[in-house]
Amino acid sequence: MSTKRRKVSRETGAIKEASVEIPKTKSKPRSAPKPEEPSPPPDSDAESATLDDAPDQGNGEPAPKSFQDLGIVDALCEACDRLGYKKPTPIQQESIPLALQGRDIIGLAETGSGKTAAFALPILQALLDKPQPLFALVLAPTRELAAQIAQSFEALGSLISLRCALILGGMDMVQQAIALGKKPHVVVATPGRLLDHLEKTKGFSLRNLQYLVMDEADRLLDMDFGPILEKILKFLPRERRTFLFSATMSSKVESLQRASLRDPLKVSISSSKYQTVSTLVQNYIFIPHMHKDTYLIYLCNEFAGQTIIIFTRTVLETQRIAILLRTLGMGAIPLHGGLSQSARLGALNKFRAGSREILVATDVAARGLDIPNVDCVVNLDLPQDSKTYVHRVGRTARAGKSGHAISMVTQYDLEIWLRIEAALGAQLSEYPLEKDEVMVFKPRVEEAQRHAKNEMKQLIDDRGNRGSVLKAGKGRKRGPPGSGRDHMDAEEG
Ligand SMILES: Nc1ncnc2c1ncn2[C@@H]1O[C@H](COP(=O)(O)OP(=O)(O)OP(=O)(O)O)[C@@H](O)[C@H]1O
């Protein structure tokens, strides 16, 4: 991509655009793989203008700004420094000054590009200006992501005595009511449980809320969450700032901004609607469906010693694959919405800490999770839509690091795969392998499959009994009795 100056283009509609084309990763790791990306479409905006407000370094590149240059106060700059954030990422650079001016923002930037701090820092700074309980609400579609966002707020707010409450489905309501009673500055929540509290917890009100953030906004606004979001919005004051952030956006966002945003600016650090980072190598393997397990084991062997996330379509398949891998001596752990909340957080912690090198997950892990050093994402089952593909593969190659994504395409998946490639605007190349070398694993895999089948039978028989790892009523829409709206944020995809 050629060197670009900052371009600010304005639309005639309700959303003003501050679309910024920025060279991807300026400091690529030496081993950075060759990008397999489409070249960005030309900027077709007729009303674009070039701004010369950034000092030029002589090579056409604006000088990199510091957090201080963006107007961030010392205490927060120091927190950034302690986290190793030397300078703002492009989405932070573009959206923080606008957010500090009090604008509503729709922020669109690729996975792993630092969107969390892009919305957290201006909120913390506004809070410092005018401290107040229940100042900001951050909504996220999954419990793991909400927990991670709360951790980010706590880390960035560590020097300003921030009080942050985490409100998740699957956890004790009473404890959460007590936490809310302590008047935290920031509430990070999954939507279903937050609505339960808004309706049922005495004395809890968000009437004085100043900031609302929807992270993974397009997911929060889709058919599953949309109705619950609308209910939540009725409990919030109209006079507030609203930030929507995601790596992918849908037209639903436009409809939501009509409902809840005020004169928003769209900050877009991307060149296409479905963007993957340039440090990510993406391949597919075309295989017969019946040999999927064997190819998977071959790949896990190829990537032995590295960290892998394997995505599957269903809870049962996730569990079965984890058993299969373990039977073959691999350190695999499952993560899905059929597990208890403590088991889910435990699985993630083990994977984060490196005591398991393979995470087998449903789409509950597709969005937002920031796990350092994931080397490879394997789509054992293809996702149903291109957006989910972008989020899944975005679990690797984060924050300028390199990564690999390999998708298994069977005879049944051709149509969806072509749709994904079309959305990416690129034809990806096949992962190079020798079929004979793969088939060497077949006898051992077949033996492990038999073992996994027996274990799964046992688990399913035990379901509903105490001690089973699979919860009863784990369906996406049906929560266990008495779980309120917990099912809303129990499982993705
Ligand atoms: N300015 C910065 N300098 C260095 N690292 C940063 C900076 N800002 C954020 N990071 C780190 O980059 C990683 C990715 O950030 P974050 O999780 O906010 O990405 P994201 O854009 O929200 O990704 P996703 O779309 O997948 O949710 C995190 O580990 C975060 O700590």
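For all residues, glycine too, the Cβ spot is worked out from N, Cα and C.
Sequence annotations record features per position, and here TrEMBL assigns compositional bias 'Basic and acidic residues' to 450-465 (among others).
The compositional bias 'Basic and acidic residues' annotation in TrEMBL covers 484-493 (among others).
Under the heading domain 'DEAD-box RNA helicase Q', TrEMBL lists 65-93. Long-range contacts of the domain 'DEAD-box RNA helicase Q' (65-93) within the same chain: residues 20, 22, 54, 100, 107, 109, 113-115, 117-118, 121, 124-125, 128, 155-160, 267, 269, 399, each at least 6 residues beyond the stretch ends and with a Cβ under 8 Å from a Cβ of the stretch.
Annotated domain 'Helicase ATP-binding' per TrEMBL: 96-267, in sequence order. Across all of the domain 'Helicase ATP-binding' (96-267), the predicted model scores a mean pLDDT of 93.
Annotation source TrEMBL lists domain 'Helicase C-terminal' at 291-439. Look at the domain 'Helicase C-terminal' (291-439): DSSP puts its residues at 65 helix, 25 strand, 59 coil.
Residues or ranges marked as region 'Disordered' by TrEMBL: 1-67 (among others).
The region 'Disordered' feature in TrEMBL is assigned to 450-493 (among others).
Here TrEMBL flags 65-93 as motif 'Q motif'.
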